[in-house]
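Look at TrEMBL and you will find A:37-55, A:91-110, A:139-158, A:213-234, A:240-262 tagged as transmembrane segment.
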Amino acid sequence: MAADSELTPTKYIDHHLTHMTVQVSEGAFWTLHIDTLVTSILLGFLGIGFVWLVVRKATPGVPSRRQAFVELMIEFIDNEVKNTFHGNRHVFVAPTALTIFVWVILMNTMDIMPIDITAWVTENVFGLHYWKIVPTTDVNTTFALALSIWFLMIFFSVKVKGLGGWMHELFCTPFGKNPLLWILNLLFNFIEYVSKPLSHSLRLFGNIYAGEIIFLLLGMWAATGVAGAFFGAILGAGWAIFHILIVTLQAFIFMMLAVVYISMAHESH
Amino acid sequence: MNINFTLISQALAFSTFIWFTVKFVWPPLLKAIEERQKTIADGLAAGERGKHELELASQRSSEILKEAKQQAAEIIQQAEKRASEIVEESKKTAKEEGGRIISGAKAEIDHEIFSAKEALRQHAAELAIAGASKILRREVDAKAHADLLATIEEDLK
């Protein structure tokens, strides 16, 4: 919690939802959410690094427990990709799916961390007044991921079908080749291309952000007294347990959508 | 909740992580898994082959067993035949031997009988001559009647 002399609910929530920022250059755009960036990169190193360390010593013989765990995860993801993507998935799509899953699930999992304890630690141990530890409650993160996938989608569309093929798809699907329908097709595709990254990123952001807000509300309730602390703790525990499901599910959905979008870019209509 | 430079930084981080996974994480594990799959497949194939070989071997062993049984039966048959032959032969030999022994004994008996008869005759002739000599002691001139005595002796023989 903040070391403010007077703590109101507004201040409490506001404090927890404020990013630590660094101004890179002039202008509102050139702000950097350093907390989001550092936490997410640390988590990425942690997750991908763990997988890498295990995989580096992977044996084709009897696997160790850690290797078996990593293999289980990777085979699960590989199976999902195999069912969706018809092509050589090992070159790019499957490793990308693995990256997304590992990274997003770790970033989401930060949501389960007790918010006020982590806030206390970042404030009193590291001396950081504002530090949001859940990178996926920052739209910048989810948009960054979704837009990267979006660009990959367009890249693969052009790469597989050629620029002409992609243009043909934009103008001639889904309604037909008739020139009268070109505008309609283009409009439809435009909406699709806009809605894909929006829904992709906002679904993840919304779920995790909502989870964060509920934790904050429960934390506020806990501040009201003994009864509030009691029920706040019980409900907080319940919500955290339920959140394990949401965290995993959202990471999985995000990964699957990325795979589906990239696969669709590979298939011509 | 405002879009800013964080987005670009995160996108850069994301692409770096993807690059790292594509380059360093995915291939070794895929290799390990594929190698293991190959090992398992090889093992299964070897097992299948072993099973097949076992089948062949058991078939061969039963064939050999059958053959051996047949051979043993033949050998026994031959041995029995040989044994009966030997028995027959020895019977024959024994018979011959017996015949020979019997005929030898017969010849000896004949010889014995003959010599006994001879001895008896000799004895009887001597007795007759001795008796006749006693009776004729005086009147008989041994010298004069020597021819006669010889004739009697000759007759008695």
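Cβ atoms are placed via backbone N, Cα and C, with glycine included.
Stretch with the largest number of CB pairs closer than 8 A to the transmembrane segment (A:139-158), among A:37-55, A:91-110, A:213-234, A:240-262: A:240-262. Cβ atoms under 8 Å from those of the transmembrane segment (A:37-55) belong to residues 66-67, 69-70, 74, 98-99, 102-103, 105-107, 110, 132-135, 141 of the same chain, restricted to positions at least 6 beyond its ends.
Sequence-distant neighbours of the transmembrane segment (A:240-262) (same chain, 6+ residues past either end, Cβ-Cβ under 8 Å): 77, 80-81, 84-85, 93, 96-97, 100-101, 104-105, 108-109, 111-112, 136, 145, 149-150, 152-153, 156, 196, 200, 203-204, 207-208, 211, 215.
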